[in-house]
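Taken from TrEMBL as is:
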- 56-67: compositional bias 'Basic residues' (COMPBIAS)
- 49-76: region 'Disordered' (REGION)
- 87-119: repeat 'WD' (REPEAT)
- 185-219: repeat 'WD' (REPEAT)
- 276-308: repeat 'WD' (REPEAT)
- 1-30: signal peptide (SIGNAL)
Amino acid sequence: MELPQIPELLGLSLLLGLLALMATAAVARGWLRAEETCRRAAGQKANGLPLDKSLKSKKQKQHQRTFSRKEKPQQHNFTHRLLAAALKSHSGNISCMDFSSNGKYLATCADDRTVRIWSTKDFLQREHRSMRANVELDHATLVRFSPDCRAFIVWLASEDTLRVYKMNKRENGDYTFTATPEDFPKKHKAPIINICIADTGKFIMTASSDTTVLIWNLKGQVLSTINTNQMNNTHAAISPCSRFVASCGFTPDVKVWEVCFGKKGDFQEVVRAFELKGHSAAVHFFAFSNDSRRMASVSKDGTWKLWDTDVEYKKQQDPYLLRTGRFEEASTGPCRLALSPDAQVLALASGSSIHLYNTRRGEKEECFEQVHGEYITDLSFDITGRLLASCGDRAVRLFHNTPGHRAVVEEMQGLLKRASNESTRQRVQQQLTQAQEALKSLGALKK
C-alpha cells in the first residue's frame, strides 16, 4: 500500500493544531470576560451600587432633585372676609411678636435666625415692608421692644440667655441693629416661657417653666427671684402699669406680686399682692387690659373669666369676678389668650383656630378656623384694638376686630341715652358714627 507523503502529513497536522489553539484562545477569552463581569458585579453588589452605575446614578440624582422640589413646604393658604393682611417675609416658623408702645412697629422672630421689624402703617397696604436683624449663630424664640422703641430684647434658643439689640435710625428712616457686647448671665435651669420689659423701663422679667420668675435691672443683674409655688409655670407677664408681675400654672389661680421701687427709682422689694381665685383646674394663660384694671384668664376647667383688679389689696380687698364664659377647647389642650386694650373683646386661640368673645355679654361673635399651618404660638391686639394679630407658621395674620366695633356701638348707644348736655351728646354721637361706618365698610353691620 502506498503511504501519503511526509510533507502533506506535516501540513495537515500544523493546520489542525492551529485550529485547536485558536478555539482554546477564544474559549479562554470568553471565560476571562465572564469572570471579570462576575467580579465587577460582585464588587458593585457589595458596595450597594447598581450594575449600570453611571446611568442609574444620574437618574437617581434627577429624581432626588424633582422629589426635593415637590417636598418643599408650601405657605399655608388662608382667606376670610375679616382678614386685613398677611405678613410673609420670614422663611421659618414665627414663635413670637410684639407691638411697640408707640404703635408704629411690630417685631417678629422666627427660627430662620432673623428678627423682623414691620411698619404698622403698611398693614392695610398691598406691600408690607420690614427691616431685618440677623441673630448670629442662633435664633430668637421671644422678642420684646424697649419702652422708648430704641432697642429690643430677645431670648436665644441655643445660648439660653437674653440679648439686647440697639436700634439706630438712619437718615432714610431705616434702622441698623447692633447687639450689645455681652449677653445676660445664665440663671434659669428650665426652658423659658416669657420675657417682658416694664413700660417704666425700670426692670426686665424672665420666667421659666419650673417655678422661677426673675426680676432684672437693665444691666443684667438679678434684683429678685420669685418662687411661684405652682409646680410649673405656663405663663408670666408684667402689667402695663409696671406695678405688677403675675404668673399662672398647674394650680387653679393666677398669682400677682407688686414690684416696689423707692421715690428715687431704686429697687426695694417684691411683695405678694393678690390672687385670682375661681377656676377649678390649672390656668393656661392670662392677660391684662391696657389700664391694668382688668384681667382675663382661661383654664383647663373649660372656662374663661374676666376680673376687676382695680382693688386696694393692701386693705385685703380681693379682685371682683365680672364674667365667666365657656370655652370647651381649653379642657382638651393648652390655649392662648389676648384681651383688647379696652377689655371689651377676648381672643382665645386653640390649636390653629381663633375665637372672639364679647366680654360684656359673654357671647362668641367670631371664629377663624385653621388660620395657620401650625399651632398658634402668639396672639395680640395692636395698641388701637382695631386689629388682632396671630402667628403660628411663617406668616403673621391680621384680622379686623369687628366685635370691638360692635362693643363701641353698644356702649355709645347707652351713653347717648344718658347724655346730659349737647357737647357730650355730640362727642358720643361722633364715636358711634365712626364705629358704625367701620362695621359697614367690613360688611359686618347688623341691621
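Glycine too: its Cβ is placed from the backbone N, Cα and C atoms.
Beyond the ends of the repeat 'WD' (185-219), by six or more residues, the same chain brings 101, 141-142, 144-148, 153, 155, 160-162, 225-238, 240-242, 245, 247, 249, 259, 261, 265, 267, 270 to within a C-beta distance below 8 angstroms of the stretch. Sequence-distant contacts of the repeat 'WD' (87-119), counting only residues of its own chain at least 6 positions beyond either end whose CB sits under 8 Å from a CB of the stretch, comprise 75, 128-136, 138-145, 147, 149, 152, 154, 157, 165, 167, 175, 177, 199, 374, 377-378, 380, 382-384, 389, 391-398. Per-class residue totals from DSSP over the repeat 'WD' (87-119), listed helix then strand then coil: 0 helix, 19 strand, 14 coil.
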